[in-house]
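Since the structure comes first, as structure tokens, the remarks are kept for the end.
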Amino acid sequence: MKLTFLGTGAAIPTKYRAHPSISLKFDGEIFLFDCGENTQRQIIFTDVSPMKINNIFISHLHGDHVLGIPGLLQSIAFQGRTKPLNIYGPEETAKMIKNILNVGYHSIDYPINVYEISSKTSEKIISTDNYDVFSFPVVHSVPAVAYVFRQVKKPRMDLEKVNKLGIEIGPDLKRLKDGYNVELNGKIITPEDVTLPPKKGICVGYSGDTIPLNEFADFLKELKCTILIHEATFDKTMDKNAKETLHSTVHDALNIAKRSGANTVILTHISARYDELSAFEKDVVEFKVEHPDLHVLIAEDLMEYSLKGKWVKM
């Protein structure tokens, strides 16, 4: 699994930060969280393949989070895309996509499936054998949702028990791995007889734009979140501005991360007012005095975060 931060800015882009967009690569598939203006150009500087984007998750319909969609849709059409593209977002997302497709001359020959998500209740919006995706309602100036991507880990085979029961590599072992009972020498063997509990999988939360919500932190804790990407539009001294605009400060984001039980928090959606990050770094240092175990990172454009927890400069 690898995260690529395509854009880490806020409402107004800067020389150093593009509008919000984050790619999550998992099992050869790309999941895109928000798609701000210039996203497709940012992708050029990474190893993200636009043709492998199957799902786009929109947190809310402010322009800085969605204005990259028209260009991306057209570009992947030019590249010959035929497989469906799924777009998830809060209420009015379908209307927005319809308006996009009705402006200009688009030749899009692949299916676009739009799924509107409630901004009032949490939902499991995707469920597969390998991963689940959840939405959670957050509080912003327009309907908004956060997302959680959770890897599904299957039970591991206990080779000692397998050997003890005399199960050989073959159809019986495969059936047990797939969750079915088998009969061996007149005895029924269940998957539970030969498996160990699954290891903890990777679970990534993305806040979108929001005020700090303890309810969101508790939801993340329930899902055993390991990495939280949380907006931190302002530093601690701008708390009044954060409250007025329904955003979060660095301290807000760090407190939510600590409450959620996440190992790592990555701060993003940095206001254009910050040419440098000394105020952010000061807030992080102060917080870590009392919470040294929390791994804190401030995202930068075109930075990657790998499964092994390492930053990679593109």
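Cβ atoms are placed via backbone N, Cα and C, with glycine included.
Site annotation for Zn(2+) 2 in Swiss-Prot covers ASP64, HIS65, ASP209, and the matching candidate from HIS106, HIS251, HIS269 is HIS269.
According to Swiss-Prot, HIS60, HIS62, ASP209 bind Zn(2+) 1; the candidate from HIS19, HIS140, HIS230 that the record adds to this site is HIS140. The two recorded residues, HIS60 (Zn(2+) 1 binding site) and HIS269 (Zn(2+) 2 binding site), show a Cα separation of 14 Å. Under the DSSP three-state reduction, ASP64 (active site, proton acceptor) is assigned to helix.
Put simply, HIS269 (Zn(2+) 2 binding site) is 13 Å from HIS62 (Zn(2+) 1 binding site) when counted between their Cα atoms. Comparing HIS65 (Zn(2+) 2 binding site) with ASP209 (Zn(2+) 1 binding site), their Cα atoms are 10 Å apart once rounded.
Within the group of recorded positions (ASP64, ASP209), the Cβ with the highest number of other Cβ atoms inside 10 Å belongs to ASP209.
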